[in-house]
Amino acid sequence: MADAAASPVGKRLLLLFADPTASASASAPTAAAVVSGDPGPALRTRAWRAGTVRAMSGAVPQDLAIFVEFDGCNWKQHSWVKVHAEDVLALLLEGSLVWAPRKDPVLLQGTRVPVAQWPALTFTPLVDKLGLGSVVPVEYLVDRELRFLSDANGMHLFQMGTDVQNQILLEHAALRETVNALISDQKLQEIFSRGPYSVQGHRVKVYQPEGEEVWLCGVVSRQDSVTRLMEVSITETGEVKSVDPRLTHVMLMDSSTPQSEGGTIKAVKSSKGKKKRESIEGRDGRRRKSASDSGCDPATKKLKGDRGEVDSNGSDGGEASRGPWKGGNASGEPGLEQRAKQPPSTFVPQINRNIRFATYTKENGRTLVVQDEPVGGDTPVPFTPYASATGQTPLAPEVGGAENKEAGKTLEQVSQGMVASAAVVTTASSTPTTVRISDTGLASGTGPEKQKGSWSQASGENSRNSSLASSGFGVSLSSLSQPLTFGSGRSQSNGVLATDNKPLGFSFSCSSASESQKDSDLSKNLFFQCMSQNVPSTNYLSRVSESVADDSSSRDSFTQSLESLTSGLCKGRSVLGADTQPGPKAGSSVDRKVPAESMPTLTPAFPRSLLNTRTPENHENLFLQPPKLSREEPSNPFLAFVEKVEHSPFSSFVSQASGSSSSATSVTSKATASWPESHSSAESAPLAKKKPLFITTDSSKLVSGVLGSALSTGSPSLSAVGNGRSSSPTNSLTQPIEMPTLSSSPTEERPTVGPGQQDNPLLKTFSTVFGRHSGSFLSAPAEFAQENKAPFEAVKRFSLDERSLACRQDSDSSTNSDLSDLSDSEEQLQAKSGLKGIPEHLMGKLGPNGERSAELLLGKGKGKQAPKGRPRTAPLKVGQSVLKDVSKVRKLKQSGEPFLQDGSCINVAPHLHKCRECRLERYRKFKEQEQDDSTVACRFFHFRRLVFTRKGVLRVEGFLSPQQSDPDAMNLWIPSSSLAEGIDLETSKYILANVGDQFCQLVMSEKEAMMMVEPHQKVAWKRAVRGVREMCDVCETTLFNIHWVCRKCGFGVCLDCYRLRKSRPRSETEEMGDEEVFSWLKCAKGQSHEPENLMPTQIIPGTALYNIGDMVHAARGKWGIKANCPCISRQSKSVLRPAVTNGISQLPSVTPSASSGNETTFSSGGGAAAVTNPEPDQVPKGAGTDGRSEEPLKAEGSASNSNSELKAIRPPCPDTAPPSSALHWLADLATQKAKEETKDAGSLRSVLNKESHSPFGLDSFNSTAKVSPLTPKLFNSLLLGPTASNSKTEGSSLRDLLHSGPGKLPQTPLDTGIPFPPVFSSSSAVAKSKASLPDFLDHIIASVVENKKTSDPSKRSCNLTDTQKEVKEMAMGLNVLDPHTSHSWLCDGRLLCLHDPSNKNNWKIFRECWKQGQPVLVSGVHKKLKSELWKPEAFSQEFGDQDVDLVNCRNCAIISDVKVRDFWDGFEIICKRLRSEDGQPMVLKLKDWPPGEDFRDMMPTRFEDLMENLPLPEYTKRDGRLNLASRLPSYFVRPDLGPKMYNAYGLITAEDRRVGTTNLHLDVSDAVNVMVYVGIPVGEGAHDEEVLKTIDEGDADEVTKQRIHDGKEKPGALWHIYAAKDAEKIRELLRKVGEEQGQENPPDHDPIHDQSWYLDQILRKRLFEEYGVQGWAIVQFLGDAVFIPAGAPHQVHNLYSCIKVAEDFVSPEHVKHCFRLTQEFRHLSNTHTNHEDKLQVKNIIYHAVKDAVGTLKAHESKLARS
């Protein structure tokens, strides 16, 4: 819930309803009047209604309503007011108490008292359809005179300590009483709603909105210290009512005034009991719920659950709670100068110091913080203070910038009692997407009256919500799916600014009613609403104080100048031109208007000619060219809005410059002439290549802090242009501009490559594609070398040592202070920054893209970001921050150049938004970790750009973009020019053949992700950080590339979680609350993270991923490697594919779009020219024996989701059956159906350019499935393919099914009742609701082609026997493969057993069985090991004193804190074993020992002994050539692949046969498990007979039994392993059995992953009879190594005491299962050990394919010779 300050209950309210008789534009004159400088009369004459909020209701913004008791009305006339009703024009909520200037005398007791200042209440707009802008509504006390002041000058916060003694108060008792009453009421509301107080036992009266009596009197019998809910015993009736003081007005009836300590009301500290803390610690912070989550209504519950996230004690500034101003007091705050002079009335943000947090560190290194019971229940709540809904209030830092903050500080100091007076005193829990209609200074006057369906309407709505949120309507806001926070809105929104023609300065209705609006669909986009506030004029206080020209004429001239400059845009030109060419260039659009927002605030020194600007219109989205976005929209300031040029989607982008970016030299009309200078599409690519973006040049050559002649001439340089910089970034990202950043991260080690790396042709190829990475990277452009005289050295990291106090007092950067921590958004921050300090002589050369160019020039360069999933390796050393060097800091301040954040948020700037990791640092239990470690863990490390304002205050400037990469960053992601180690030509082919399809699906998934990026959004680039694994904060899957990040806290979500949340209706999301499986963490102050507010971010720089995809297709075509990838642009089918001979007519299904023989881009995207592939691939014609003809390598603009698979055109086989074939018509029907549907799929470009097309509505066909265009794919359906077990399960057409013949059609888990899958079933497990042709045909074909499932077990058994015979014959045939490999066959010929673990040729025969998904046994490994190392006595002697946990295998009970010696001593001696309560010796197993990844460190000798002697080293060794995990560069966190030990006693008795040592489960990776020791226990009789019986009942085969009798070998454990494809059937059986036993089946649990089942003989029999599933029963003897395929369910039953050691690996054959399982594991609860994705399968696949492609490319000469 919300605190007092956040809740509107009990506050004064001003309402203005629409006059039904007035015209729609009636309010326009009001706005105009406001702009003209005298807002008072125009606004005062409206029919304002004042009253007090007595109650509120509504769980979602649309339903939010308040009960208002209007002044001067009787009780019957009081009513509920729907906050967002159409007739509500303005809703203003009480803010702070201030001293406001007053001209008219006050009438007191019949006498007129002239006063200069008078106490007044400020009001903050929650709903503002009038466009109040910077107007400050105030209501003077006593006479309640309402005034609208044009600015906050002359106002200052009422100080309780000193102002109570003010002469005016002492002289006028009525005023004094009014002030005291007001303060008292505010104190009471705070007491009721928050703080270390309890009103238990006090008499109160509760308001009854709709009761017969207005007030009910009673006594508080109980008040919850956390939720603040109180139980009131009603005096009259005696009933007990539960009252929430934040929703219903409660007043204290006691005469005494509550006091904080020792008064009538005592502070109550909440318990700090260990038990409470432990119970909370045990849960994942993300799933946490507050103590009282149950038992209250959903809205309350949600709010409580959302209570602040971690950072509620705001140490470094404002993180915990906002002062009233911050929240949104519209009341004026002193002007800049005034405030600077003001005494320490500056706010000190309220800090909730009473919140306690329990922390614990997870295995991945991430610290989770769980909010424990706050002391006294002083919890921050989601009610956000409201960051002024209309940017007018300095309170909204976003609006007022630092000044606001400072102002806020001033205000907040008020008195303890006044804490609650500000509507925003509380933490800003507002959601990040707050949007408001009128931003500071450019409040769009366009009210709803102007455009119902467009911008203003949307903004209006948002401004309402946001204001609500901030003002404290937070009640339901935190749970709203709608973003509500004001300042925060910006930073969370991506994309184009709302460019309504809005006014400059603080004008309000700047755009004339007649001006055309944007497309109405844009108005619905929250992003645009947010961006509408993203204006440069960030501080209306400073504007006012600087006498900002606010007359309408200036506005008109502004718009005119904007229009006149539309010709300035020239596409495709490099930003740095050689000379100025006057006149517009071709490609400019003359009729375009540039929004006023793109301009900084006008000040007298800011000539209007500076307004001649263009806003960027180009898109950076790799695949989306904005369908027909209104071209007026400027781009997201965070990342340049770029346009694609020629090749790469991310290559030379050009953003238009905005006026503010031009320097003083371009102030005149000459500015336009300079624009084209650097824009010529013909030159853009070459220039991009010639001029480096990252330059580690001599300090003397870098941009200097010298301000150009602008200063001397009196015209402002950019640094002096208002407070804000143009909100629209300009300048092509490809600009080779010198960056004051390092070319490589301080912690980054360059990838290990051969000596030829610098001349890497691949790198050059990529450079060409990206338009940047060329050899000239290290040379700076000549003009730069000449122009930049002042020295500047590369920046690294930053500390606060040299920071002056001014940074806290400086109003220009209030956005950076704590107060703005949540209410301010990055966009606004950027808008405020302006391009400070750029020499004017440089700006003249920056052209129309000046601002963007300047940004790059100033250092928006590469860098790395510290990721999310904090698992990391050994601490890394980070170089000294640049800010440790005073001279560098001075130069940075002079030049205003942006630089990368090179330290943790805490060390760099505590007053800026802190990332999640840095927020948690202060709560970590173990502070002794190295500072460098926490620095690298910072999520903004080398990701966020910072800049000093002209006042020397640090603020956020933006984030890196994908184009701002350097060769070192790119080298990590592209093939090395030299041969990769450990991979040869044949291995490369094999890897590509097995992994190429998965890689292609991965690329398709990334394209799908890019299509989800809105056209207006900009993609950021988060550089990989050495030793840190990027993880999704929701499902803990490793982030591969595209993901979404919160700009404020670094919260990141993967594609799947993002899509899942975005596709779900908001109402459903709110209802789910914390109980959903994938619940999202809150932002800094408990604000909800809304998908639309997150910033799309990629990890792989540039277009490397898509180019590797092209290379994969090219390589497979050139080398004749089989391919079955689903993308339409894939190469020809494998030459190995046999011709179909089943008699069905062979009709090619090549689509017209694929008919071109030329290769087109694999990654072609929306409107971009195709990326030129390094080498066009030529598929050899006639290759192979099937006579296939050449197939186009790629299809132009192939649909990203892939159309139906292209089939190679082959001539009909000689034995083709006649057309009269019984199935001929079915086959042709299916083919025709596929062709028709394929036609509709269209190319990627056409699909993406459909303006109305939803990101989910791509009509596409997977090679294996048709995805319903209306069904959002909840998970990586393209990635995973249609089934869990077989990527080829579903045919690309009915024809494939018909060709399969009886007995060949696999069964999918989705359709277990049908012998084969539906022809075009959806790849997501969506219930088929409509009968369709494929469904209908299923039944026909089932009867014609395939035998129905046999229900008769005897028949099934017979069928299986035949199948087994076939398998056995096939297996035996493998003997021919390598007669020299000693092996045998177990399990009736289904299990390969290799006898010589050291045979170098084992891998050949092993691979044939392994690729079939079969387990393999290798015997005799123990003969190679040093047996003395693996004996129980050795372990007991070396590690006996360690404390461990044991598990009782019989009942799964855990025995904690036992010495490991106790376990080992009873390993073979039963009498020494620990005993249970009934006195029986327990069957124990060691739990996680050695712990985690400690095996190698704890037992180095054993580690070496094991790794040297593992069989099949090609697969099992860490650097094995077929172990794909070895391809992952050391730069990344290596997956934990073991070894792990499994030590347990044997289960000997008959009763034990029903339990397992290790229950049924499966692993995401392949594994080899070696039995290194078998201990046969002594004492209490022999157990050999029982063991033999267990083996016999375990279905072991005769050959296995002979090993016991004839070979005298020691049996250790009985395994049951099942094929990965049978996992779903096993689940089905276990669910069925569970239901029979009355067990529940929660959604985040899985019968296999839960490891709660052991399949005993009865269950195994049922599985076989009911589902036809038969596994492998394997007895593992001493020295046997069992190879378990990834995804294969298996269980273990120890026959005797065993020591087993397992090592994991990733084989090419089973990568598809790794893919699928990673998705499965996402759905598990956090308690599952497999929940977290440690394998990083996508990264492994990427780098394996990258190395394979590089190797093949290096061997192409051989191909040419052959």
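Any Cβ shown, glycine's included, is placed from N, Cα and C.
Per Swiss-Prot, the phosphoserine annotation among the candidates Ser242, Ser542, Ser561 falls on Ser561.
Per Swiss-Prot, the phosphoserine annotation among the candidates Ser270, Ser547, Ser635, Ser674 falls on Ser547. Screening Ser491, Ser557, Ser661, Ser825 against Swiss-Prot annotations picks out Ser557 (annotated as phosphoserine). Of the binding-site residues His1561, His1690, His1690 has the largest number of other Cβ atoms within 10 Å of its own Cβ. For the recorded Fe cation site, residues His1561, Asp1563, His1690 set the reference point as the centre of their Cβ atoms, and the other residues of that chain within 8 Å of it by Cβ are Thr1558, Leu1560, Leu1562, Ala1567, Ile1684, Ala1688, Pro1689, Gln1691. Counting every protein chain shown, the Cβ of Asp1563 (Fe cation binding site) has 20 other Cβ atoms within 10 Å. Under the three-state DSSP scheme, Asp1563 (Fe cation binding site) falls in the coil class.
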